[in-house]
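Structure record follows, encoded as structure tokens.
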Amino acid sequence: MKTRVGLLGDGPFTPPNSLQPGAQQPPLLALSRPLFWLFRSTIPTMHFQNSLPRLPVPKLEDTIRRYLAAQKPLLDDDQYRNTERIAKEFEKGVGRKLHRTLVESDKKNKHTSYISDPWFDMYLCARDPVVLNFNPFVALNPDPKEAYNSQILRATNLVVSSIKFLNSLKKQCLRPDIYYVDPKWSKSRPFKNFIRFLPTSISCFGAYMVNAYPLDMSQYKRLFNSSRIPKLNKDELFTNEWGRHLLVMRNGHFYVFDVLDPVGNILHPSEIQAQLIYILQDADRLPEFSLCYLTTEDRNIWAAVRQQLVEAGNEDNLQKIDSAVFCLCLDNISPKDDTELSHCLLHGHGFNRWFDKSFSLIITSDGTAGINFEHSWGDGVAVIRFVNEVYRNSTRHPAIIPLHSPGALSASTCERLEFRLNDSILSAINAARMKFDETNKKISVGMFEFRKFGKEFLVKQKLSPDAVFQLACQMSAYRQFGKIMSSYEACSTAAFKHGRTETIRPTSVLTKQCSRVFVEERSKHSVSDLRNMIDECSKYHRRLQLEAALGKGFDRHLFALKHLSVVRGDPMPEFFLDSAYQKLNHIILSTSTLPSPAVLIGGFGPVAPDGFGIGYNIFDTWLGCNITSYLKKELPEFLTCLEYSLNDILDVLEGRPLA
């Protein structure tokens, strides 16, 4: 049998053992299966893990300097002097001792990063419900071919592509995550062959020779077959890599069926399609009590009820849910616009989600697709890579086509999970449902698009597109509330072993001055002066971005020091009790960007009850964002102010005086 080239062509494709010459041939149906992997990478998936650089522990004096710079625009002179005094005392006293202990611990744990365990603890010890507080969402663009956007067709194609991604990951043939400064090297076969034969202990250094930077992929092991398990005071992450079944939810009912055989062959797409059709027909009404609401509860309450479920004889069913490859939610709704879609993917109606799964693939009745993912196990880098690959594969190489005949309908291979529920459990489900419904009434979503410029225009202006959007957010808050606000922008530190994220603090002395001038002193400054202010904000923001990406921010360092103090049982240092520290970490503008050609929109809940959650994307010719808030009256005004601010910036960049 001839070898075939992988669908996305990174090397020859070798069929699995069951299709090798001389092997016992499988049934004819199996021979017609599509390729089992996305592609065959020349460089093994985890080739760089051993040689990734370690996340640096910043110098304490640098952290304090950066911390004070972030505090300055938020405080008046007296407040700043007090915070400066507290910070300097911390730097010279208890902070220095904590820092020394942190550095010593880091040297003894070279297999990981200093932030990894504290960051896991932060998520897993949080007792707030995961929905709205932690789980983000992304909505995929429609399939470019309209006929492929029916619910069952799209679900089948996305499931098959997802399992191909899983197989590629397991077989070490998924291309490693690498950031190429010069994209030409991503297509260079001699470079890839050179890197492939380097020992894993030095492979990263070979990539650095051409300004290519491998990224940490340790989070991928939790992408599939994983769940967050509620436990008293601290949850646990569970992974069973041997799970071969898919969890499907429809109208609050649970179904499981195998999508992989013991050697990794994917169930034929027509059989997957038939199973999904059967589930749609079988789950024709809602259950009286949907177990799903329990995953929206306070984590300690959910932990106690889960134990009751186990004691009532439901342990096997819970194991099937937890170990499933992932969760597919077939919704019985068709959102009429992006606002309704955001609500659907962010929280839904509660009865057709299992929010503890590492991720859930959600398909609405009209074929719109999205992802809701639990955040403790990993960050957006792994999820966006998964979304990009699965979207590309499912649209370019669909497993089934319109009018494709499904396999024979059969209930024998698809199991509907039935649960034993006593009065105490039923009461807990009802209480969870009422709390969930009440919370959902309070959350608002606003969609925003600005079509007058995008990345291309701003780059020609020699400005950072990200800096301009962040500045516009600062201006909007100043225009609406009359003051500058504490802001947060997530930045990946995946260039380091077990890196997670660092915080960019967009609020600065420069953005405060610029916002004040644009809002209160518009007529007192020339266009040239205003343009210079924008330029200075952009330069400073670029510096903050670079520092954060290199692990030289201050937030994670301070977080690790505070965590260490708590773990040791020390009295809490005055530094962390300072009201200014609390104010800085009361995030009003929480932002995250979603650079992906596969993503339509993405978002998350606000991190403060009086704040905004801003998921944004800056495209070549326009920009857009999804904003969530509990401030129902203030959200529309913020959107208006954001448009006003972007128009002001455009006027200045095009040389027009502000009206």
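Note that Cβ sites are derived from N, Cα and C of the backbone, with glycine treated the same way.
Note that TrEMBL annotation is computational and uncurated.
Annotated by TrEMBL as region 'Disordered', the relevant range among 1-25, 501-525 is 1-25. Counted within 10 Å of its Cβ, the other Cβ atoms near HIS375 (active site, proton acceptor) come to 18, all protein chains included. The predicted model assigns the domain 'Choline/carnitine acyltransferase' (55-643) a mean pLDDT of 96.
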